[in-house]
Amino acid sequence: MSLSDHLPRASLPPFEEVVARHGATVLRVCRALLGAVDADDAWSETFLAALRAYPDLPPGSNIEAWLVTIAHRKAVDIHRVRGRTPVPTENLPEPASSTGNPGEGDDELWSAVAELPFTQRAALVYHYVGGLPYAEIGTILGNSPAAARRAAADGRAALRRRIEHGTGCRS
Amino acid sequence: MNFPQLSVGSADLAWLREKLVLDAEAAGLLDVAFRVVDTPVGPLLLATTTVGLVRVAYVADGSDAVLDELSRRISPRVLDAPRRLDPVVRQLDEYFAGTRTHFDLPLDLRLADGFRREVITRLPEIEYGRTASYAEIAAAAGSPRAVRAVGTACAKNPLPVVVPCHRVVRSDGSMGQYVGGVEAKRALLQLESVA
């Protein structure tokens with residue numbers, strides 16, 4: 001993320017610039033969260049919804065956090081369609097996700113990520129793939145920065161347990 | 001903790017971007033479609049609204065300023081949508097090949113207001129291969145003393161090449177300024193005089 005993303009701007013950049021600048025990151029987030037098959041649909045729905053709402057976005061907004069927020073809603077929808085516990089909450093135990101691993105990069109790590117409860121997975125993905133601070137992630141998940149940080153820490157701990165001597169997960 | 005970076009292929013993203021353009025068009029959300037084409041007078045940015053061609057710009061120095069202006073003045077829903085500009089590109093190709101002497105395209109003149117718009121709508125009356133002076137255009141627009149304002153209107157023509165401000169020259173016959181640079185103006189006038 002570049003410095004200019006955080007500087008207020010008098011007007012909104014053309015949407016093409018939003019796609020060019022954030023398209024790849026949002027696709028990585030969608031893949032890490034949902035697996036390759038559902039990621040394309042989530043990306044398409046995210047950017048179409050973003051295009052629709054874009055003229056009302058206050059200039060100077062953190063566009064990447066805004067896009068990840070929309071992508072998160074799409075991901076929750078997809079989980080709903082899959083018949084899983086739909087809304088991630090902080091305290092309830094959650095079933096492992098049915099959506100597969102992204103199938104690229106470090107397979108062992110990604111299949112372990114895919115097995116995490118949704119909130120832990122989302123917190124990890126938004127932080128490590130999306131590059132968002134926990135304050136933003138708390139807003140996206142509907143909890144607090146501390147809860148988002150805790151979810152990511154719990155996810156990390158679970159990953160460590162699952163990949164005892166794996167190569168993909170280094171702290 | 002280090003997450004391995006998921007690789008995102010440029011082909012994957014290109015396909016998704018194409019699909020976004022189609023979805024946006026189907027949903028009526030493609031307010032401004034643009035494309036950059038190479039021409040004998042350098043790269044031109046072409047932009048269209050649902051009304052018609054709204055902007056032609058010389059972009060040898062980059063497109064950012066032009067796209068920012070479109071975003072600010074028309075709508076931020078701006079996407080690179082090459083196919084929407086196909087009819088314009090076809091006519092430009094014919095023009096630069098010397099086989100087209102008149103553009104037949106729906107135009108959206110919303111970027112030219114007041115007197116500037118008055119001037120812009122007069123310019124297509126100058127026939128292919130001919131020139132007119134700034135003073136003549138001022139007179140035709142009903143303000144014979146507004147010679148300088150005609151110069152400004154030509155300099156700010158939102159649709160150069162298609163709306164032929166390059167055919168407006170000084171009363172002494174010298175070429176005068178041009179939004180795409182004097183070289184481009186000379187090239188266009190030469191193209192039209194040969195045909």
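In case you wondered, yes, glycine gets a Cβ from its N, Cα and C as well.
TrEMBL does not curate its annotations; it predicts them automatically.
In the predicted structure, the domain 'Methylguanine DNA methyltransferase ribonuclease-like' (B:35-109) carries a mean pLDDT of 97. The annotation domain 'Methylguanine DNA methyltransferase ribonuclease-like' is assigned in TrEMBL to B:35-109.
Here TrEMBL flags B:115-194 as domain 'Methylated-DNA-[protein]-cysteine S-methyltransferase DNA binding'.
Residues or ranges marked as active site, nucleophile in TrEMBL: B:C165. Secondary structure from DSSP puts B:C165 (active site, nucleophile) in a helix. For B:C165 (active site, nucleophile), the number of other Cβ atoms no farther than 10 Å from its own Cβ, over all displayed protein chains, is 27.
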DSSP-assigned states of the domain 'Methylated-DNA-[protein]-cysteine S-methyltransferase DNA binding' (B:115-194) in counts, ordered helix, strand, coil: 43 helix, 4 strand, 33 coil
